[in-house]
Structure formats: structure tokens, C-alpha cells
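Colleague: Mind looking over this structure? Questions follow.
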Amino acid sequence: MTSERDRMEPDWDAIRTLNTLQTNASYLEQVKRERGDPQVQLEAMKGFLERSGLKVEDLDQLNIIHVTGTKGKGSACAFTERILRNYGLKTGFYSSPHLVQVRERIRINGQPISKELFSKYFWQVYNRLEETKDPAYASMPAYFRFLTIMAFHVFLQEKVDLAVVEVGIGGAYDCTNIVRKPVVCGVSSLGIDHTSILGDTMEKIAWQKGGIFKPGVPAFTVPQPERPLEVLRDRARESPCPLYLCPDLGAYEEDKVFPLGLAGDHQRSNATLALQLSRMWLEQQGYQGSGELKDLWPGAEPPGKKPVPLAPVFRPSIAMVQGLQDAVWLGRTQVLQHGPVTWYIDGAHTTSSVQACVRWFHQAALNEEKPVDGSEVRVLLFNATGDRDTAALLKLLLPCQFDYAVFCPNFTEVSTVGNADQQNFTVTLENVLTRCLENQKKWNQLMEEKVGQDLWLSAPLVVEGVGGRLKPDPLRSPLLLVPSVERPLNANSLVFPCISHALQWITQGRDPLLQMPTTKGLHLHPVASTGAVLLKEATVIRVLVTGSLHLVGGVLKLLDQSLSQ
């Protein structure tokens with residue numbers, strides 16, 4: 001009889017093999033050769049696709065909605081997919097990154113594909129690519145390229161009616177841009193991110209995002225700053241394709257405000273983009289005769305004669321309104337109430353998205369009445385990766401008035417053995433801890449500036465470790481880095497080597513749904529001990545988790561065990 005472990009083993013093997021593609025040396029060399037020429041990159045992707053058994057023309061059957069943007073593109077996709085599923089359509093949805101399990105990236109009817117389907121299609125694609133190796137070039141596509149190809153196989157063979165495809169990074173250079181004939185394209189809000197790849201100005205980033213436009217394929221964008229919007233207009237003219245500006249969501253709301261499944265005022269622009277993408281897809285596919293969609297007035301030049309015409313406002317169908325309300329997108333403006341601990345979870349990682357996160361957090365948490373019979377403790381759990389300006393992000397978080405700032409890498413555990421979905425072979429523990437220490441230092445400096453006095457020493461004390469070095473034995477005991485002197489409550493910061501250790505300290509056993517073994521050998525510094533008492537006695541503990549979607553994923557994995565099933 002096959003055990004549960006044996007039944008799941010092929011999935012583990014597939015994920016571990018997939019992870020080896022994170023550091024494909026030949027791919028890195030190929031990227032260097034192709035840099036600066038998006039057409040060459042797309043040709044390379046086309047070669048991988050054909051080796052896997054598909055042609056670019058095959059993708060035309062998928063009736064794709066292609067969405068890019070700096071922030072909100074995943075939320076816009078989630079709204080869009082949910083709306084179209086309400087029409088009885090079989091939907092495919094490809095997104096990134098995953099939060100808990102890699103299977104989340106490839107969804108059918110809103111659900112991650114099963115372990116069995118993941119294993120089936122992974123090995124189908126992997127083995128075909130192995131059998132067609134060419135020693136002169138990269139023998140295997142890198143991680144994201146591979147998953148993109150795999151998603152196309154899944155959607156075609158599972159016969160979805162449509163596929164909502166979220167761009168990975170940028171647009172022009174992104175491997176999803178191999179799609180020739182999407183039904184409709186969308187651009188969510190633009191901002192500064194991935195500057196080493198996309199450029200260091202909004203105009204350069206807009207040029208990259210506009211790279212998904214295709215001749216004759218209608219495209220929609222939400223309101224953007226004037227110069228980036230002009231770049232999008234120019235890209236649309238080059239294509240050429242019609243480009244429309246989404247009206248404010250209030251234009252559709254005749255009687256009452258639409259309830260949205262995703263919290264935060266910033267989600268309203270993602271919702272209006274989803275309405276336009278859904279309506280255009282339905283119209284292009286012949287659903288306009290259903291009687292549920294009715295234009296109220298045609299598109300016109302928006303006030304100020306901006307360079308992009310306003311999209312038509314229409315009366316959303318019941319299915320559309322319900323789709324907006326039922327949309328779920330984990331890790332974005334998500335609130336989890338666990339006894340006295342309330343988790344506010346948002347994967348914001350750009351300046352504009354962190355600004356939106358702070359507004360949401362104020363509305364959701366800080367405006368609530370303080371407990372009358374006890375204390376409230378606020379904790380920030382933060383990490384940031386890549387080339388992001390961490391100081392700028394942390395500065396935006398200062399008005400939230402956190403009592404503690406906790407920093408940790410995106411590892412759920414220090415050891416990822418047996419946790420293949422969380423493995424990342426492109427980083428080391430020492431590197432990510434160094435980044436956490438840098439983040440802590442920046443926070444401390446910001447606190448110094450805020451209170452106007454020298455509260456911090458130049459170097460934190462390594463409580464757990466060897467000789468004060470950054471390289472402890474993480475498998476034996478946790479690393480706890482705290483300021484080396486006692487300080488006011490609102491100035492404490494700590495660093496832990498993994499998410500589980502950070503959550504242990506933050507919750508102090510107060511979260512009834514968080515069950516983790518007590519770590520042995522944890523010797524707390526006096527500041528941390530003081531915090532432990534306050535956290536243990538607090539009536540309310542409010543924890544904001546932000547800065548990285550990967551951090552959010554690790555936290556959700558520990559807070560909601562069902563996500564790992």
C-alpha cells in the first residue's frame with residue numbers, strides 16, 4: 001500500500017530539481033550575451049518552448065489576458081480571474097512569486113494545481129528539455145522561464161477557456177512576452193523597482209512595461225504620472241494598438257460603493273483595471289450579447305486632454321460585482337486575528353506600495369480604539385531584498401509608531417531540509433543576515449533622527465554566536481541581535497536568523513494557532529527580556545509584516561498550516 005509520504009515524494013523530487021535551475025551557470029552566461037536585446041531573449045525563450053514540444057502559435061489558443069505593472073498587477077489579475085470564473089469559464093492563472101508552495105504559481109479555476117498534476121507536467125517538460133540539450137547554449141531554461149513554459153503546457157492540456165498571465169519583471173524582456181496574440185493587455189500602477197534591470201527612471205520603466213503591447217490588441221492602464229503615461233502612449237502608437245485609461249472605480253458605482261475582496265484604497269485602481277480587462281475579453285470572445293454589459297457613455301478625452309483616451313464606463317454585471325467582492329489574493333492587505341495577536345500582512349516592497357501599506361495599516365489597526373484594560377504593543381516584522389532602497393522603505397514606516405522592529409531573512413527555518421518550496425540556492429545565510437543587520441542599522445539611524453538624540457551605539461551586540469562574529473551555529477541555537485544597552489520602548493530592534501525564531505519571540509506563546517517547539521539554548525539579552533514581559537502581558541499585539549513577498553510567504557506558512565497541504 002502506498003504511504004502518504006511515498007505518494008508525495010515525486011512532488012518533492014520535482015520541486016528540488018526545479019530549484020537547481022535557480023543557479024544555472026550556462027543561463028547566466030547566456031543572459032550576459034543577450035543583454036540589451038529583448039528580441040534575442042525572446043528568441044531564446046522560443047527555442048526552449050519548441051524543445052519542450054510547443055510552438056509559439058500554440059499559445060494563441062489560450063485566449064490570454066497579459067498584465068504588467070510595478071505594483072498591483074497580481075491583485076488586478078486576481079480580480080480579473082475571479083470575475084471571469086463567475087461566467088462559468090475554466091480559468092488558468094500564472095503568477096509569481098509563490099508565497100508558500102510553488103504550485104501556487106499555476107492555478108486552474110483559482111486553485112493551485114494538485115501535487116499530482118505538478119509532478120506530471122514538471123517531468124514531462126523537464127525530460128523533453130533534457131533530451132534536446134544543445135551544448136553550445138544553455139541546456140535548461142532558468143527557474144522562471146521553466147515555470148512559464150510549464151504553465152503553458154498545463155493550460156493547453158487542461159483545456160482552460162482563458163489564461164490570465166502576470167508578467168514577471170518588466171515586459172519587453174520578460175519571458176512571458178513570447179505571447180504573440182493576447183486578447184487584451186493591462187498595465188497596473190507604475191513605480192520604481194528592479195532598477196538594475198528596468199532602468200532608474202519612471203520613463204525607462206514605462207518603456208519596458210509597454211513592451212507587452214501587440215498590434216491591434218486593446219490595452220488598458222490605470223492613471224499614471226504624466227511622463228510615464230506619455231511613454232505608454234508612444235509604445236502603443238509604435239505597436240500600433242489602442243490604449244485606454246481606466247476611469248475611477250466611482251464612475252461605475254451608481255448606487256453604492258462596490259465591496260472589494262482585497263482591502264485598501266489602492267485596490268480600487270486594480271479593480272477598475274480588472275473590470276475593463278474582463279469586459280474587453282468578454283466582448284472580444286463574443287459575450288457582449290449577454291445583455292449584462294451596457295455602455296453608459298463612450299470613451300472620451302479625460303480632463304486636461306491627457307494623451308490617452310478614457311475607457312468606456314459601463315454598468316458592471318452581477319457576476320463582475322460579485323467577482324470583485326469574492327477575489328482573494330493572499331499576502332496582500334491581509335488581516336489574521338489569532339487571539340490577542342493580530343497579524344497585518346502585506347507584501348509591499350516599493351516606496352509607493354509601502355506608502356499604500358501604511359495607509360491601509362492606519363485604517364485597519366491604528367484607528368481602532370486602544371484597549372481600556374491593558375496595553376497595546378506594535379511590532380514591525382520586515383525584510384527587503386534585491387536592489388531596493390531599504391532606508392526609504394523603513395522611513396515610510398516610522399509614522400506607524402512601532403514599539404519593536406524585528407528583522408529576519410526570508411527563510412522559514414534556518415535549515416530548509418525537507419522544505420523544498422522555501423529553498424533558494426542563490427543566497428547564503430551569512431549574506432542574508434548581513435542584509436538584515438544593515439536594515440537594522442538603517443532603522444536605528446532613522447530612530448536616532450526621529451528622537452533627536454544618540455540612542456544607539458554603532459554596533460549591535462551578538463547575543464548568540466561565536467566571538468561576536470556573524471556566523472553562529474544556527475542549527476544549535478538562534479541568533480539574537482539587539483541593541484547593546486537598555487533604551488526607550490519605542491526604539492528596540494532585533495534580528496533573528498529565520499522567520500520561525502522571529503515569530504516565537506514576537507508571540508511569546510500568545511498566538512493560539514502558532515505551534516512551534518520551544519527553542520533550546522536561547523539566552524535573552526535584558527532588552528529582549530523586557531520586551532518578552534511586555535508582549536506576554538499586552539492585551540493586544542499588532543504585528544505588521546511587510547517589505548518582501550517571500551517574507552510574507554514564510555510567515556503565512558507558519559500561521560496557516562492549511563496552506564502547506
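Including glycine, each Cβ sits where the backbone N, Cα and C put it.
Annotations in TrEMBL come from automatic prediction, not curation.
Sequence annotations record features per position, and here TrEMBL assigns Mg(2+) binding site to Ser96, Glu166, His194. The ATP binding site annotation in TrEMBL covers Arg332, Asp346.
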Colleague: Report, as a single number, how many Cβ atoms besides its own are within 10 Å of the Cβ of Ser96 (Mg(2+) binding site).
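Modeller: Neighbour count, Cβ to Cβ under the 10 Å cut-off: 18.
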Colleague: Around the C-beta of Glu166 (Mg(2+) binding site), how many further C-beta atoms are within 10 angstroms, looking at every protein chain?
Modeller: 24
Colleague: Just the number: how many Å between the Cα atoms of Asp346 (ATP binding site) and Glu166 (Mg(2+) binding site)?
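Modeller: One finds 19 Å between the Cα atoms of these residues.
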Colleague: Measuring Cα to Cα, tell me the gap between Ser96 (Mg(2+) binding site) and Arg332 (ATP binding site) in whole angstrom.
Modeller: 13
Colleague: I want to check the contact list for Arg332 (ATP binding site): same chain, sequence separation of six or more, C-beta distance under 8 angstroms. What comes out?
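Modeller: Spatial neighbours, sequence-distant, of Arg332 (ATP binding site): Gly74, Ser75, Leu262, Asp346, Gly347.
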Colleague: Starting from the Cβ of Asp346 (ATP binding site), draw a 10 Å sphere and report how many other Cβ atoms land inside it.
Modeller: 26
